Amino acid sequence: DIGIGVSGQEGMQAVMASDFAISQFRHLSKLLLVHGHWCYTRLSNMILYFFYKNVAYVNLLFWYQFFCGFSGTSMTDYWVLIFFNLLFTSVPPIIYGVLEKDVSAETLLQLPELYRSGQRSEEYLPLTFWITLLDAFYQSLVCFFVPYFTYQGSDIDIFTFGNPLNTAALFIILLHLVIESKSLTWIHMLVTVGSILSYFFFALAFGALCVTCNPPSNPYGIMRKHMLDPVFYLVCVLTTFVALLPRFLYRVLQGSVFPSPVLRAKYFDRLPPEERAEALKRWRGTAKVNHVASKHASQSAAMSGRPTPGSSAVLAMKSATVSTVEQSTRETALDRGCSEPGASKMTGSSAKHAGHPA
């Protein structure tokens, strides 16, 4: 829980003892519905992303132990391991955590029911957590074994084998964040490209200057040789594609087959003003039908002499007509075809019918 203080004539005591301070009560709705929703979404997704990033990258070292006799040897120079999290993949998550906006402020204010997603912890469910970890394990497997089977039987040294793994891991981890982002801006793309360029610049400089850094295997000239080898580019592209394909398909299916209320509301941000107003009316009409149906069931139970049932029982006692209207309204709430006069008229008449007892 957080404390919100309102500065007023009573003084600044409430403000000094609060976590957030506002000057007037009218700012409370925006603080909760907009900034509260955004902060919850950012924190939840960032926690999942950091779990994912560390599991995906550290498991590369784990899979290598099966081929080095569990000696603890790393196929990557320790300086690259240090800078991977410290420099190459640190800025994009920060930008995501600051600028991510899954739904616009205007839509969040017009649809206060979206605030329930945070109350229900819909962004950080146990199922979501385990799916993220399983995806990280899968991506680490692909990132390790695609280069392994590609270079199997060759005479490359340990760091020459580790360089494609690090490069592919960088692409996978950064593009995974791009897939998860709901509002990409030029700042997101700039820091992503900058992180990739900084990795190549560091690898080239490190390979040119570090002659005897970690004998007997040294990273001298490894990145320069790989950048002249077409197989290196093919391995990086193929590994990245195979690793990210399940995550990409999952997000596509989620957005088209079983979208959450937040994803459905994001559709409003892409509509012209007139269509947006009509879509919002239909959305509110769905909520009104649900309220009228529950009220009608409660009144029917009271008239029959039975005690008012709970919420689950009320839903079970809906009449067939009200259930049909509710289902139809839900399915067409975000459909462009519902903007036709006939559809709008049908919704209004159905809602009117649902408001009268059968």
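Cβ coordinates are placed from backbone N, Cα and C, and glycine is handled just like the others.
Here TrEMBL flags 328-338 as compositional bias 'Basic and acidic residues'.
According to TrEMBL, the domain 'P-type ATPase C-terminal' annotation covers 15-260.
Look at TrEMBL and you will find 317-358 tagged as region 'Disordered'.
Only residues 6 or more beyond the boundaries of the transmembrane segment (46-66), in the same chain, are considered here, and those with a CB under 8 A from a CB of the stretch are 72-76, 84-85, 89, 93, 96-97, 124, 128-129, 132-133, 135-137, 139-141, 143-145, 165, 169, 172-173, 176-177, 180. Taken from TrEMBL, the feature transmembrane segment covers 46-66 (among others).
Feature annotation from TrEMBL assigns transmembrane segment to 78-99 (among others). Only residues 6 or more beyond the boundaries of the transmembrane segment (78-99), in the same chain, are considered here, and those with a CB under 8 A from a CB of the stretch are 42-43, 45-46, 49-50, 53-54, 57, 166, 169-170, 173-174, 177, 180-181, 183, 185, 187-188, 191-192, 194-195, 198-199, 202-203, 206, 210, 213-214, 219.
Only residues 6 or more beyond the boundaries of the transmembrane segment (127-151), in the same chain, are considered here, and those with a CB under 8 A from a CB of the stretch are 48, 51-53, 55-57, 59-60, 62-64, 67, 161, 164-165, 168-169, 172, 176, 231, 235, 238-239, 242-244, 246-247. The transmembrane segment annotation in TrEMBL covers 127-151 (among others).
The transmembrane segment feature in TrEMBL is assigned to 158-179 (among others).
Counting same-chain residues at least six beyond the ends of the transmembrane segment (185-211), those with a Cβ under 8 angstroms from any Cβ of the stretch are 77, 79-80, 83, 87-89, 91-92, 95-96, 99, 163, 167, 170-171, 174, 177-178, 218-224, 227. The transmembrane segment annotation in TrEMBL covers 185-211 (among others).
Look at TrEMBL and you will find 231-250 (among others) tagged as transmembrane segment.
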| said: Cβ under 8 Å, sequence separation of at least 6 from the ends of the transmembrane segment (158-179): give me the contacting residues as numbers and ranges. | reply: 49, 52-53, 56-57, 60, 73-77, 80, 84, 88-89, 92-93, 96, 139, 143-144, 146-148, 150-151, 188, 192, 195-196, 199, 203, 214, 217-219, 222-223, 225-226, 232, 235-236, 239-240, 243-244, 247-248, 251
